[in-house]
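As recorded in TrEMBL:
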| type | residues | note |
| --- | --- | --- |
| COMPBIAS | 44-61 | compositional bias 'Low complexity' |
| COMPBIAS | 62-77 | compositional bias 'Basic and acidic residues' |
| DOMAIN | 84-138 | domain 'HTH cro/C1-type' |
| REGION | 42-77 | region 'Disordered' |
Amino acid sequence: MAGITQDWEPVVIRKKTPTAAARKDEKAVNAARRSGAEIETIKKATAATNKSASSSTSLNTRKLDEETENLSHQKVPSELKKAIMHARQEKKLTQAQLAQLINEKPQIIQEYESGKAIPNQQIISKLERTLSVKLRGKK
């Protein structure tokens, strides 16, 4: 065992340097204060708010407040809903059966027949083909 020597150099294990987020941590700031280190604090203009830096909400909100026009969606006309209902009953179909034939949900047929749906030309054309009735335009 004459050729074996031991290395008595000290080995130093260090922690990683803190990340930017960790340096801003409240504990890290307090520790720096206690140790007498210089600390720079900056108050951001939009801190703790839900606003973007470039938003001009005051102008937009004023325009919206001044807006008086009453807007609403277009609904199914009563002639159309009656025509759909009549044609469906002539073919002896339920709302669910008609919906299945045109590959839509039964709720869609229900909304069209109650007049609550927003008219969709694709659905109306499917109904026309399936029920063999003209629902749009002049009769």
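The backbone N, Cα and C atoms fix where each Cβ goes, glycine too.
The average pLDDT computed for the domain 'HTH cro/C1-type' (84-138) is 91. DSSP labels the residues of the compositional bias 'Basic and acidic residues' (62-77) in these numbers: 5 helix, 0 strand, 11 coil. Sorting each residue of the domain 'HTH cro/C1-type' (84-138) by its DSSP state yields 34 helix, 0 strand, 21 coil.
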